[in-house]
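Summarising the annotation, TrEMBL assigns ATP binding site to ALA31, GLY32, PRO33, GLY34, SER35, GLY36, LYS37, THR38. Annotated domain 'UvrD-like helicase ATP-binding' per TrEMBL: 10-116, in sequence order.
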Amino acid sequence: MVIKTKVSMSLANPSQEIAIHHHKGPLLIIAGPGSGKTYTLVERIMNLIRVHGAKPEQLLVVTFTEKAAQELKTRIANRLLELGSDFNVNEMYLGTFHSICLRILEEYRDFTVCAP
């Protein structure tokens, strides 16, 4: 589903806008506390959904802490509500390194090892 609502950029500085509109390949955002990392990630995800039609299972968002992961999930869900989207945040791969790896292991627990 592609949402045709304009993403608000009034709070984004030039560096954040570059990150928000980056869509070719992975993106790593490194910045200090209070610099707008969460805002930038949320708006980037909105851009990927709205402009590029990304599906939940196509998005991987990794954080270092559960607190950061929960904050991101809440902000993304709230932003999607603002846009009137039925996009399911719970289908995204969003969490800590450990929680995402655990989810992948649980999803693919019935794998078969192929001999070389």
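A Cβ is built for glycine as well, from the same backbone N, Cα and C atoms used for every other residue.
Any TrEMBL annotation is an automated prediction that lacks curation.
As the structure is a computational prediction, the values presented were derived from the model and not from experiment.
Between the binding-site residues GLY32, PRO33, GLY34, GLY36, GLY36 has the most other Cβ atoms inside 10 Å of its own Cβ, all protein chains included. Using a 10 Å radius centred on the Cβ of THR38 (ATP binding site) and all shown protein chains, the other Cβ atoms total 16. In this view, ALA31 (ATP binding site) is surrounded by 12 other Cβ atoms within 10 Å of its Cβ, with every protein chain counted. LYS37 (ATP binding site): 18 other CB atoms within 10 A of its CB, across all protein chains. Across the domain 'UvrD-like helicase ATP-binding' (10-116), DSSP classifies residues as 57 helix, 8 strand, 42 coil.
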